[in-house]
Amino acid sequence: MKIVILRRLTQLTILSLFVLGNFYGVKILLGDFSASTLFGVHLADPFAVIQLLLAGFSLGANAIFGAFIVAIFYALIAPRAFCGWVCPVNFLSELAFNLRAKFGSTNQKRVLNLSKNARYYLLAFSLIFSAIFGFAAFESVSQVGLLVRSIVFLQGSFFGIVLCILVFEIFIFSRGICSHICPLGAFYAIISKFSLIRISHNFQNCTKCNKCKVVCPENQVLDMIAKRNDFVRNSECISCGRCIDVCDDDALNFNIIRRKQ
Ligand code: SF4
Ligand code: SF4
């Protein structure tokens with residue numbers, strides 16, 4: 001089965017469980033991405049919790065422990081698994097990319113020109129602003145929070161938010177949000193440096209077609225393609241498996257990483 005189908009099912013299931021929990025009394029998953037309960041266990045967005053703590057809010061043990069559980073889970077599983085498998089903004093970013101490809105352009109659309117490191121600067125700014133001004137800076141304007149709340153609380157703002165993201169990604173900055181701007185994605189890239197499941201490249205099977213590099217939203221991580229057997233060691237990979245889906249030569253797969261080749 002194509003990995004993209006598994007990812008879509010995962011995204012859809014999580015968002016549906018939130019809607020069922022928040023509106024229809026199905027008490028499996030309640031709340032939203034910032035703070036939730038899964039079978040009664042408290043979970044919280046670790047990046048939001050860090051901002052709130054820096055801003056001087058006093059948080060309960062449930063929030064801190066919930067953030068710790070989420071951070072450990074994403075740190076261990078696969079790099080930026082939240083981005084590739086959970087966050088609905090990434091779904092829209094991929095939709096925009098696919099629409100552009102369908103209408104003939106996979107070139108990066110750049111009205112803005114930002115380095116991929118911009119997200120790390122924004123992450124640092126978010127933390128510094130939170131500490132100085134006493135509010136959770138990124139959490140207050142987060143495209144992820146706005147979109148997720150509009151979905152799981154069935155708000156009318158959903159259509160406007162989706163339209164803004166699609167217009168930005170199609171006409172202003174292709175793959176701008178997830179690959180350049182989002183500090184939450186940067187946060188997950190940092191904490192998943194030692195995550196276990198990685199893309200592995202089989203050099204012997206590779207026919208150097210480079211299809212993987214075309215579809216990869218973070219193709220700087222595919223430096224080993226057509227050069228050597230290796231794992232994707234850069235944790236900016238979002239573990240989306242798009243490279244595996246397009247590879248006809250069985251040269252790419254998910255595997256447990258070996259730290260030394
Ligand atoms: S980079 Fe940000 S918006 Fe994109 S998928 Fe990750 S968390 Fe969501
Ligand atoms: S290397 Fe593969 S799994 Fe990682 S971001 Fe690129 S396409 Fe997705």
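Every residue, even glycine, has its Cβ placed from backbone N, Cα and C.
Same-chain residues lying 6 or more positions outside the transmembrane segment (12-30) and placing a CB less than 8 Å from one of its CB atoms are 36-40, 86, 88, 148, 151-154. Marked as transmembrane segment by TrEMBL: 12-30 (among others).
For 50-76 (among others), the entry in TrEMBL reads transmembrane segment. Sequence-distant contacts of the transmembrane segment (50-76) (same chain, six or more residues past either end, CB-CB distance under 8 Å): 35-36, 41-44, 82, 126-127, 130-131, 133-139, 188, 191-192, 194-196.
What TrEMBL records for 120-138 (among others) is transmembrane segment.
With a threshold of 8 Å between CB atoms, the same-chain residues lying at least 6 positions outside the transmembrane segment (150-173) that come near it are 15, 18-19, 22-23, 31-32, 88-89, 92-93, 95-97, 99-100, 109-112, 114, 143, 180-181. If you look up TrEMBL, you'll see 150-173 (among others) marked as transmembrane segment.
Within the same chain, residues 77-79, 93-94, 97, 106, 116, 175, 178-179, 233-234, 236-257 sit at least 6 positions outside the domain '4Fe-4S ferredoxin-type' (197-227) and bring their C-beta atoms closer than 8 Å to a C-beta of that stretch. Annotation comment: TrEMBL describes 197-227 (among others) as domain '4Fe-4S ferredoxin-type'.
For the domain '4Fe-4S ferredoxin-type' (228-257), the model's pLDDT averages out at 97. Sequence annotations record features per position, and here TrEMBL assigns domain '4Fe-4S ferredoxin-type' to 228-257 (among others).
Sequence-distant contacts of the transmembrane segment (120-138) (same chain, at least 6 residues past either end, Cβ-Cβ under 8 Å): 47-48, 50-52, 54-57, 181-184, 186-187, 190. Break the domain '4Fe-4S ferredoxin-type' (197-227) down by DSSP state and the numbers are 8 helix, 5 strand, 18 coil. Note on the domain '4Fe-4S ferredoxin-type' (228-257): DSSP counts are 5 helix, 7 strand, 18 coil.
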